[in-house]
Amino acid sequence: MVKTDEVEKAYQVAKERYAEIGVDTEKAMEALKKVKLSVHCWQGDDIHGFLNPDQELTGGIGVSGDYPGIARTPDQLTGDLHEALSLIPGSHKVALHTLYAVTDKKKDFNEVGPEDFKYWVDWAKQEGIGLDMNPTFFSHPMVKHNFTLASPEKSVRDYWIEVGKKSREIANYFGQELGQQSVNNFWIPDGFKDNPIDKQAPRERLIESLDEVFAKKYDEKNTIEAVEGKLFGTGIESYTVGSHLFYNNYAISRGKLWTIDAGHWHPTEDVSDKFSAFMPFGKGLMLHVSRPIRWDSDHVVIFDEALQRITRSLVRDNELERTNIGLDFFDATINRVSAWVIGARATQKALLQAMLAPIDDLKKAELNYDFTKRLAVTEELKSFPFGAVWDEFCLKNNTPVGTDWLDEIHNYEQKVQFPRDKKVVTE
């Protein structure tokens with residue numbers, strides 16, 4: 001177990017080192033504490049939800065692994081989320097999907113409303129957190145031939161338009177009840193496996209459907225929409241209706257947030273380069289932090305170069321105020337609560353490291369064409385003791401330092417998670 005006095009000693013040394021280059025570690029920690037991550041609930045139950053948990057997962061989405069202790073009920077899922085949030089420094093939000101409605105009635109996706117998320121709102125109030133929303137456009141029989149809002153069938157479009165409208169009611173309810181803006185993120189799986197003849201008509205239908213979904217005005221203090229594109233998905237390799245360029249233009253023209261998912265691009269593209277190209281024209285960003293390995297594999301986020309490039313871009317270009325950072329990955333090969341903790345803490349570490357830099361001084365050097373200093377300082381920063389500042393941040397926020405949280409996870413899975421499977425077998 002990490003000793004508090006050792007953490008404090010290491011931090012004082014780190015504080016002095018950073019002060020030598022004009023960086024205030026206390027201010028950096030204060031800035032980090034203001035950043036709320038949107039923690040995705042679906043990591044906890046492998047995207048089964050509660051409306052129809054036995055429905056096959058579709059939309060090109062897949063979860064691998066069968067680690068014991070999966071959450072099967074609302075109480076189990078919120079219990080696991082509570083455990084994860086207690087191990088992540090700061091105050092955050094939880095992102096939900098339509099299929100996580102809690103109701104004692106048999107309801108279809110297009111019938112789910114605010115009343116079916118009262119359970120979540122009551123829980124969020126107890127936790128002191130906000131909620132984000134995602135309408136579910138997959139894992140349902142009304143996904144016809146891989147199409148929803150862009151379907152050539154009006155009945156299919158109308159069904160999903162209603163799902164979208166209901167999700168906006170729910171997100172507005174979250175904002176009203178919790179006093180925090182709820183970001184409502186729209187992603188659809190529409191596209192073709194093989195080469196289409198007509199690429200224009202599906203996109204025109206999607207524009208029409210989205211415009212109808214967004215026709216009613218809600219106070220942005222309560223909720224705002226984000227639209228998410230993708231390069232391709234399993235089963236729609238040749239053509240994605242909601243491409244990146246499509247949603248980029250839609251977001252700009254309609255005053256919506258543009259969602260950038262780190263796994264939805266070609267593996268050689270640097271998503272961090274997209275932010276500054278969009279922000280001068282757009283309202284803001286919704287970021288889904290993920291870890292693609294050769295494709296959109298949604299591995300648990302780790303403190304790697306890709307994540308560091310993302311956070312450096314946001315911090316250096318002062319874009320955190322207009323960026324909502326969410327997690328989006330799912331892994332059932334490891335303890336599901338630990339996946340949340342690892343991914344969230346990695347994201348926070350990357351943000352902190354980005355903040356612990358003499359940014360103004362480096363920008364000045366760049367303006368003066370002093371590229372030698374720019375390269376030298378940024379290289380030296382890589383070996384600066386930011387880990388000691390991170391440990392102090394955890395200590396200040398009453399969360400475990402280092403890997404001490406693993407002991408809590410081991411205890412939790414033995415007492416809470418593993419017995420769930422034994423109960424299911426017995427029943």
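Here the Cβ of each residue, glycine as well, is placed from N, Cα and C on the backbone.
According to Swiss-Prot, the protein carries these features:
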- His264, Asp296, Asp298: Mn(2+) binding site (BINDING)
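There are 23 other Cβ atoms within 10 Å of the Cβ belonging to Asp296 (Mn(2+) binding site). Under 8 Å, Cβ to Cβ, and six or more positions away along its own chain, Asp298 (Mn(2+) binding site) finds Gly263, Ser290, Arg291, Pro292, Asp328, Phe329, Phe330, Asp331. If you draw a 10 Å sphere around the CB of His264 (Mn(2+) binding site), it holds 24 other CB atoms from the protein chains shown.
Excluding the listed site residues His264, Asp296, Asp298, the same chain places Lys230, Asp261, Ala262, Gly263, Ser290, Pro292, Trp295, Ser297, Asp328 with Cβ atoms within 8 Å of the centre of the Mn(2+) site Cβ atoms. According to its DSSP assignment, Asp296 (Mn(2+) binding site) is coil.
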